[in-house]
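As given in TrEMBL:
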type	residues	note
REGION	1-71	region 'Disordered'
DOMAIN	90-330	domain 'Anoctamin dimerisation'
REGION	114-135	region 'Disordered'
DOMAIN	333-920	domain 'Anoctamin transmembrane'
TRANSMEM	344-371	transmembrane segment
TRANSMEM	420-436	transmembrane segment
TRANSMEM	509-538	transmembrane segment
TRANSMEM	558-580	transmembrane segment
TRANSMEM	601-618	transmembrane segment
TRANSMEM	726-753	transmembrane segment
TRANSMEM	787-806	transmembrane segment
TRANSMEM	876-898	transmembrane segment
Amino acid sequence: MSQKKAPEKPTGNHTSVEMEMADMVGKPLGGPGTQPTKPVRKKSSESMTSDPDLYYSVEDLRSEPPPGEPVSNRIRPMLGQGKHEAGALFFKDGYRRIDYVLAFPVPRRKHPVKVEHKPEDDSSAFHPEGEDQKVRRRREFEKNLIEAGLDLERDDETKDHGMCFVRLHAPWKVLSQYAEILKIKMPTKKIYELKERTGIKAKAYALWRKTIKPLQPSPQAKQVDKEPYKHISYTFSRDKEHMFHIESRETFFKPSTRSLVVHEILKRTRYSQKDYAIGITNLIAQGVYTAAYPLHEGEFEGDTDIPPNPRQMLFDEWGSYSKFVKFQPLNLIRNYFGEKIGMYFAWLGLYTKLLIPSSLVGLIVFLYGVFTMDDNVPSDEVCEAYNITMCPLCDRECKYWRLSDSCKSAKFSHLFDNEVTVFFSIFMSLWATWFLENWKRKQMELNYAWDLSGFEEEEEQPRPEYEARLVKHRIEQSDKTGQGYGSASGNAEDSGMGEEVKLPKKQTLFAVGVSSVTILTMFTVTLAAVFAVIMYRLSVASALAIYPNSGQIVSGTAVTLNLIVILILDEIYGSVAAFLTNLECPRTETEYEDKLIFKLFLLKFVNSYASIFYVAFFKGRFMGRPGQYIYAAPGLRMEECGPGGCLYELCIQLSIIMAGKQLIQNNVMEIGMPKLKKFLRECTCFGLCKERAERAEDKAGPRDTRWEEDLVLEPFSGLSPEYLEMIIQFGFVTIFVASFPLAPLLALVNNVLEIRLDARKFVQELRRPMAERAKDIGIWYNILKGITKISVIVNAFVIAITSNFIPRTVYQYMYSPDGSLHGFIDWSLSTFNVSDFEPGSEPRDNRSLGEVVQFCRYRDFRDAPWEAEPYKYNLAYWHIFAARLGFVICFQNVVIFLKDFIAWLIPDEVKEIKERQRREKRIIMEMLLEEERRMRQHYYATDHRHSNGKISQNGFLENHLASEFASAEEFDDSSIETQV
């Protein structure tokens, strides 16, 4: 059969701007009274199953094919591509690519009705009661999708039970239209040669590239232009289509870009006559559709595709544990998942790479503590203090104990509380600034390589949910005033003044007030959980006081219990933050994401660090002294630090929480939960599990389709959880690094594994995310800057208050007779007369050490009981207090000055990239001017229309554009005026 050309799509009297606006909101173009023709059902000649599919397209609404002509004959001349396998990534005609899939369930019917006898307009004939409204909304929504220009392929909804799928395809006209609206940059035909490095820089660069060549991904996975050549990119324009490097219209736009365009249409298409009934998100929330997602490109493993598809390359080059030492294929990630996800993994990769030097320095600090442990004077004095009797750690049940009993904890404490800890804290503060400055440079390189410069310059459109709530509010106001609302549109703009109408401040303030109160309540819950763990530790310590080594058991179980509480509250706080953000209903997607992230960070930051802040700055600070203890409850006095000191306990607390969160929450739950949800979804997808099992048994029958396999995967829930876990880890690495120098090493090991686990999760366990564009990491950068500033303050106070660095320094330079630390332990302990115990608080056994105890020692700087004012703070206490205050001030100012100096030293912009951008702008300008000169010359050669010696620009532009766009679907003269 001879192939016939697809009929042209009539444009009527509508301008291109009107068509674009109509497509954005999903309205028909034929005017208020125009009704679209009812879709025609056709059988495909390439059917995979016995059930016929329903094909919908713009042609279906406006023209009929000749009788018996298959759909593929109408499409093949337009696409110009070879036929592909049906049921994989293409319609059943084998030519139109599936860009998006909608899924919805068909409930079981008690009395199935044959389709042949079903009235055309009676959906209740085969749908159970309660489904009619969903069916009507689906049909209205799909009709509007067709009016927006999409092609639809739909499963037969008359089957008894199971899942139905609607497959969407965006034709070239829709793709080019939205590429222009969204200002997507595409490669032009212009290729220019990059300037090669010369001199010493060239040799150093060549040596560096040769060194890291084994770490690079395979050339096939890198997906970059061959150096030193590059295609110049320019914002796509239909009027300048001939300037772009279009080898094939079907492959010019990447699949990620195609899904982005379809998603823009889906989220702005109406499904009802009500003005606030907009978007696929609302339809999924109402159960009209179960899911909406783009398809993965084939299987992720196996050798079925030669060459391998992008999903296989990602799994082999990115998700393989054997490639953990190699760099990530960022260009392949960006092309498959979009720039936003690519930007996250670029940030994670740089963060992990720069953790290597900080891990090495932290390991050196730890090894210094190991090698100097035996030579440390204070810990040796503790181990030899057999004659120093310490006061009991609790009332009545606790006994007196020897200071030498804490020898092991004193030795262990020296590993982290030594002379170089201060310098490591300064180093990590400067490292954080170095990391952020390097990320700004890396971000600029990615923006240049991925053609992201300037794409957000246009004003962001309101969210469909915001528009729906705004329109609903205006309708309610109109009903109250008795005035008609008129024809409301999704664009919430006042028809009189052209100014945007916003939600009333009363609603906004109410939502913000509810959010603030709820967040404060959640803070209270977190503090209550910390207090509950403290009470558990106090009560269990009192109960087990008669047993040896009970302190380690109490501390270990308390920290484990605290970790469990943190993990549970993290899950709760995620849902609370999403609910509060939806209640506030921000206007744009950026505002929505920023508010959600800010709430998540506040709640989870407090939840993760509350117990650590307690141990660092409050434990042992408000306990009183022997004879005048402060009690948290009757019989339970406030905690004091253990024999090894508070820094020792802070190190244990930080290491367990950090390791536990990374191991359980970041790794086990990230992989285990999607697999569990996938299994549950397979068994609850309205018979899909049964259908797939039957097909699996019938080996000769058809296999599962791509959309069925992707449906049972876990939906992508956004990057906020991924960012948040890394931000919390960044806080562990920087904020409390003075107490745990091995934190960077622990983070490095986790991140190397995290990248591969995330890669497998994205490729294997998750549905393919909708590709989104982003030129930076958004509000996360500001959060990182805030954490670096907080880390300077916290580390200063940890060194000054929690560690013994300041007391040791004061003793060595002010009180030591020989300038050494000999005698420091005896100097740092105060003396207490046991006869001054409050009645009922003294130990039951005064002879537990084999002799009657008259005096015991405790950690504090107070006068002895035989002084004129016993137990009063002595002069050494005030010297130490002044030294601590001076250290905090000096530390903060010195570190902040060095941070600012490093930020100034490292330029934000890469000079080479800046020069390339200027050169490309100049080449683009020359290309446009050359195009205009060529058009003028073409006019002179073909048409000599002159007017008083002057050229009629509209004349030669019209002739030229008509010839250039002769192969296009249509040519609109109105675009000429716009270009001129």
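Cβ coordinates are placed from backbone N, Cα and C, and glycine is handled just like the others.
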- Message: If contact means at least 3 Cβ pairs within less than 8 Å, sequence distance 6 or more, would you call the transmembrane segment (726-753) and the transmembrane segment (344-371) in contact?
- Response: yes
Same-chain residues at least 6 beyond the ends of the transmembrane segment (601-618) with CB under 8 Å of its CB atoms are 519, 522-523, 526-527, 529-530, 533-534, 562, 566, 569-570, 573-574, 576-577, 646, 649-650, 653-654, 657, 661, 724, 727-728, 731, 735-736, 739, 783, 794, 797-798, 801-802
| Given pairs 6 or more apart, does the transmembrane segment (509-538) have at least three Cβ pairs under 8 Å with the transmembrane segment (558-580)? | yes
Same-chain residues at least 6 beyond the ends of the transmembrane segment (787-806) with a Cβ under 8 Å from one of its Cβ atoms are 378, 417, 419, 421-422, 425, 428-429, 432-433, 436, 616-617, 645-647, 650, 727, 730-731, 734-739, 828, 880, 883-885, 887-888, 891-892, 895-896, 899
